[in-house]
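Database features (TrEMBL):
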- 47-67: transmembrane segment (TRANSMEM)
- 79-100: transmembrane segment (TRANSMEM)
- 110-160: domain 'Cationic amino acid transporter C-terminal' (DOMAIN)
- 112-131: transmembrane segment (TRANSMEM)
- 137-155: transmembrane segment (TRANSMEM)
- 164-187: region 'Disordered' (REGION)
- 166-177: compositional bias 'Polar residues' (COMPBIAS)
Amino acid sequence: MEVEIIETKSELQASSLESVPEAGTSKTLKSLCYPVNTIPTRKSGHTVYGCALLLALLLTILCLILAHWPSHLFSVDPVFTTVAGLLLLLILGITFIIWRQPQNPIPLRFKVPALPVLPLTSIFVNTYLMMQMTTRTWAQFGIWMVIGFAIYFGYGIRHSVEETNDQQPPVSSSQALDKNVPSAELV
């Protein structure tokens, strides 16, 4: 009798656990905007990568509309105005999701300031300017890129100073200050 009761209880617990989703597995908007962890995880990294890809796509579409059909947009054509407004709302929402994701606390040599607004603005401005370029400008750009890649891969990689610097950990500001301040023992 006791064996049957224990088996029945464990079966009930297993079935009740299967029906309740685990915390953190639901992909709702709330979990994207307010992540549970304060430390970056693989899931938060994938979230940022996916949002950044979607953001670049939406910004390209917005720049395409602004560059090729500005007269329709500024003449308050309802279709173009609605599409541009929806794109802007989606861009702002995705930017908010990226901003809410946890960042890595490890000190780096360089971090982009004003994340994610500065990169977002840079992507927008550069994509818009690229949409304005003529075919001749694109050809000149392509030629200079080939020359630049040839120099980089032919000379730059083998003579890089960063390769030797990557083996040393970055110096924090407090360590750098301690090296510059004479100690009391020397005085």
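Placement of Cβ uses the backbone N, Cα and C atoms for every residue, glycine included.
A TrEMBL annotation is a machine prediction, not a hand-curated record.
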Tell me if the transmembrane segment (137-155) touches the transmembrane segment (47-67). I count contact as 3 or more CB pairs below 8 A, with pairs 6 or more residues apart. no
Flag the pair the transmembrane segment (112-131) / the transmembrane segment (79-100) as in contact if three or more Cβ pairs fall under 8 Å (sequence separation 6 or more). yes
I'd like to know the mean pLDDT over the domain 'Cationic amino acid transporter C-terminal' (110-160). 92
What DSSP reports for the domain 'Cationic amino acid transporter C-terminal' (110-160) is 37 helix, 0 strand, 14 coil
